[in-house]
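Structure first, commentary second.
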Amino acid sequence: MRSHTSLALGNCQPKQSLPLVYRFHFMAFFSSFNRQTFNISREYEQLEPPNCRFIEGIETGAEDIDILPNGLAFMSSGLKYPGAPYFAPDEHGKMLLLDVNEEEPKPVVLGISSGFDIDSFNPHGISVYIDDKDDSVYVFVVNHPKVSTTVELFKFQEEEKSLLHLKTIEHELLQSVNDIAAVGPESFYATNDHYFLNSLGRVAELYLNLPLENVVYYSPTEVKEVATGFNFANGIIMSHDKKYVYVASLFDNSISVFEKHANWSLSQVKDLQIDKLVDNLCIDPTTGDVWMACHIDGWQLFNYNPKNPPGSEVLRLQNILSENPVLTQVYVNNGSKLQASSVACVHDGRLVVGSVFHKAIYCDLE
Ligand SMILES: *[C@@H]1O[C@H](CO)[C@@H](O)[C@H](O)[C@H]1NC(C)=O
Ligand SMILES: [Ca+2]
Ligand SMILES: [Ca+2]
């Protein structure tokens, strides 16, 4: 069982908008009494940095984003996730490339080398790894052809704007992967968001808040569970100094900080109670700040109603390792513009926000 080391910082009320079942917290038995919490606004006031605009052409989500140091962003689009809506049931998923430096960035659909089964492509969490030896860019993509999980490894071919498929990774410990953090040309950490694969088990663990999900380390020579006890483990990312791993847990409403060891095992440093349904994480490469996109209401997300759609929220967490991390709301929308935000990344003063199944936006922060 994962332990909850913690600090105290004010108190937060339980999320008003969640249905009772989500508030039925078995986690209370396991958590310590003073996890670090943040006193941020419970108000549903909308908030938006200047100049937020839609990214043209994205209408079926950009569930995850990873940006290279040069400002080229990879995005996964078209996720079909059980329980969440999708607006293009007959289309397969796509990987998009976006140059965040452009005044009005427009996405390009990345070609994928022949031999890869594109028709069942259903991309979810992604992570990019740059090999120091030759500057090769490896793109890791969680894929759900049917209900299963695979991790697809591609090499980015910048001139051709395409992805060369290198291999498909499958493993019994990678049963329901949500996101990955690449740590080498063939190795990564992965979060599992479900323990059970059958629909009854999936519903049970979701509604009973069972903390059964874990983080797995994968390499061609070793695969092992490195952390457990999450209630829907979601985004995972390496700190910018590569010494720590941050894991978002959707129904724990938290981010956990782990120290990474030489043998790739993890030890928990602390749990930050964000009191939000945190999805994917990004790191600001210059400051090390953690950027996260959150779901405002889990019920609206999994019981979609176009008249009352799920909203979006983006938070920035500064000084995560210090005793006094600072959490700031940067974007809040009730779903009238952006529904179900799932990822927020920054590059050179620009914020890019993607969603599970809806649109994507970019904003200028300064
Ligand atoms: C969302 O906010 C806008 C104002 O920005 C308002 O017109 C709209 O009715 C709101 N929608 C919902 C579903 O609350
Ligand atoms: Ca990711
Ligand atoms: Ca996710």
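Residue positions begin at 1 at the first shown residue.
Glycine is no exception: its Cβ is also placed from the backbone N, Cα and C atoms.
Binding of Ca(2+) is annotated in TrEMBL for E63, D64, N178, D179, N234, D279, N280; the matching candidate from I118, I126, I361 at the same site is I126.
Cross-referencing C52, C282 with TrEMBL gives C52 as the cysteine bonded to C363, criterion being a recorded disulfide. Cα-Cα distances to D64 (Ca(2+) binding site) place H124 within 10 Å, out of the recorded positions C52, H124, N334, C363. The Cα of D279 (Ca(2+) binding site) lies closest to that of H124, out of the recorded positions C52, H124, N334.
Proximity to ligand 2 at the level of Cβ atoms, with a cut-off under 6 angstroms, picks out N280 from the recorded positions C52, D279, N280. Each residue contributes its Cα atom, and for N234 (Ca(2+) binding site) and H124 (active site, proton acceptor) those atoms are 11 Å apart. Sitting within 8 Å of the Cβ centre of E63, D64, I126, N178, D179, N234, D279, N280, and not among those site residues for Ca(2+), are the Cβ atoms of H124, G125, V142, G235, S342, V343.
Close contacts with ligand 3, defined as a Cβ under 6 Å from any of its atoms, occur at N178, N280 among the recorded positions I126, N178, N280, C363.
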